[in-house]
Amino acid sequence: MTNPAETARPERQRKPDWIRVKAPTSKGYGETRALMRELGLNTVCEEAACPNIGECWTKKHATVMILGDVCTRACAFCNVKTGMPRAVDPMEPINVATAAAKMGLEHIVITSVDRDDLPDGGAGHFVKVIKALRELTPNTTIEILTPDFRNKMEAAVESIVEAGPDVYNHNLETVPRLYPTIRPGARYYASLRLLEQVKRHDPRIFTKSGVMLGLGEERLEVHQVMDDMRSAQIDFLTMGQYLQPTPKHAKVIEFVTPKAFDAYGSIARAKGFLQVAASPLTRSSYHAGEDFRQMRQAREAQLAKAAQKA
């Protein structure tokens, strides 16, 4: 007879107090949710079960997820549905721009699912969204968070860079050693090359990348990722705690303390990043508008200092 203790599903680690957030209830949260529903837009805030959704939506900040809500990849950390996606919505670019205008956004973050089924990986749709935003709400700064455009990267990145986003984000997610289990459909060095290519095409565009901690990475491996990012001229590093969305996803190996995040942040700044966000609740688009303004100021100060020395 089987022992029930042997077949019971292992318990997930209990979240420490520093990772807990209040359930969203504010008026602003409700208004943001209603507008997304009205325009038929998906958000990564909901699809990825982001812990900051209450705070961000209360402030009417949202990260719009284009190209549908079904991904062609199955990463071990991600809560977005996997399968065969539906056809691309031709009205999505104008709907995204309409949402940005109605919310009065100074800064918008656009991300997407992976669309390996599309000939260009969805790059053309990113371009249409950027153009619609520039036309309808020209004062809104635009940050994009793209997939890796596997086997289509060069043409995809070139077309998006030509559309002129203000920030190009692509997350490395974790250290190279963990890619086979955590991000099996991607390649670490291909993601680095993507970000290098953005800078080659247009050095004025800010580049950004992020990693999750708590998946079993070693401290020196994280330092090496920072060095790799700086070699690729990445301007902005985000670091946050990985949280297991469901029991089917990769387990949390460690809850990294706020003090440890502070230490990583200090090291990253010493390595030369223009901007660093490192805390348990940091996510790619968390406080993105405020961080963008600080990063732009840091670059201006850097250029002014260089001009004085010349």
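Cβ from N, Cα, C; glycine included.
Residues or ranges marked as [4Fe-4S] cluster 1 binding site by Swiss-Prot on the basis of sequence analysis: C45, C50, C56, S285. Cβ neighbour count for S285 ([4Fe-4S] cluster 1 binding site): 27 (other Cβ atoms within 10 Å of its Cβ, all protein chains included).
For 57-274, the entry in Swiss-Prot reads domain 'Radical SAM core'.
Under DSSP, C78 ([4Fe-4S] cluster 2 binding site) is assigned to coil, being neither helix nor strand in the three-state scheme. As annotated by Swiss-Prot, [4Fe-4S] cluster 2 binding site applies to C71, C75, C78, with the evidence given as sequence analysis.
Counted within 10 Å of its Cβ, the other Cβ atoms near C78 ([4Fe-4S] cluster 2 binding site) come to 22, all protein chains included. Secondary structure at C71 ([4Fe-4S] cluster 2 binding site), as computed by DSSP, is strand.
For the pair C75 ([4Fe-4S] cluster 2 binding site) and S285 ([4Fe-4S] cluster 1 binding site), the C-alpha distance works out to 19 angstrom. Those residues of the chain, other than C71, C75, C78, with a C-beta within 8 angstroms of the mean position of the [4Fe-4S] cluster 2 site C-beta atoms are R73, A74, F77, N79, V80, T82, V113, D114.
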